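Following: one structure in structure tokens, then a few remarks.
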Amino acid sequence: MKFPILIINFKSYKEAAGPRAVEIAKAAERAAKELGVNIAVAPNHFELALVAQSVEIPVYAQGVDVESAGAYTAHTALENVKEVGASGVILNHSEAPLRLNDLGRFIPKARALGLDVVTCAPDPRTSLAAAALGPSAVAVEPPELIGTGKAVSKYKPETVVETVQLVSKHFPDVAVITGAGIESGEDVEAALRLGTKGVLLASAAVKAKNHYQKIMELAKPLVR
Ligand SMILES: O=C[C@H](O)COP(=O)(O)O
């Protein structure tokens, strides 16, 4: 996994359903190429294979709930994320939380499959616990700020700083990124200034009238 990174989570937004998922992913790919920065997209499971086949930037699953492929009706398996061509997975998003024991099995299995693993956590101490399980990155996201337009990097900078300090002290190989309420390039810039290696965001990019323009704005602070 390369840093700094902007990860765009499509969630289950209708604005990113069906062919629109590919359009947003292609806008992200264009911005990544033009700026020379790392942008990953996380489409809904319905569009995961299609998007993975359509773009060359990293494509992540939004989550999984079982490890292995097999007789698991209506479940999403880690092995299938790899199988359909995605290169990473987000785990334990606050909208799709996992049990600790499952997280403890899924993270090493995903790493063994060669997938990037971003594990979400709501606060610094939970981020530290998540980092102990060996993901590529921890994304600290105060759930109460998600989708509000109130950026974590401005409204809860102490959460971000404490997470960076705790994780880098104990698990220096695990990157810290952040998300929740990130709306503008300025918010991304602030997140990087607080010591993170990127951001995980959704609504600002997915709901934008012009996806390419908005993603360009959000990704510009990543230019080195
Ligand atoms: O996965 C993304 C985060 O939950 C942030 O969502 P948001 O950018 O809409 O606040």
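Placed from the backbone N, Cα and C atoms, the Cβ positions cover glycine too.
Among the candidates Gly36, Gly181, Gly185, the one that TrEMBL lists alongside Asn9, Phe10, Lys11, Ile146, Ala202, Ser203 as binding substrate is Gly181.
The recorded positions considered are Lys11, His93; of these, Lys11 has the fewest other C-beta atoms within 10 angstroms of its C-beta. Taking a C-beta cut-off of under 8 angstroms and a sequence separation of 6 or more, Glu141 (active site, proton acceptor) has the following same-chain neighbours: His93, Ser94, Cys120, Ala121, Pro122, Val152, Thr178, Gly179, Ala180, Leu200. Ligand 1 lies under 6 Å from the Cβ of the following binding-site residues, listed in sequence order from Asn9, Lys11, Gly181, Ala202: Asn9, Gly181, Ala202. Considering only the binding-site residues Asn9, Ser203, the Cβ with the fewest other Cβ atoms within 10 Å is that of Ser203. Binding residues for substrate (Asn9, Phe10, Lys11, Ile146, Gly181, Ala202, Ser203) extend across at most 14 Å, taking the greatest CA-CA distance. Secondary structure at Asn9 (substrate binding site), as computed by DSSP, is strand.
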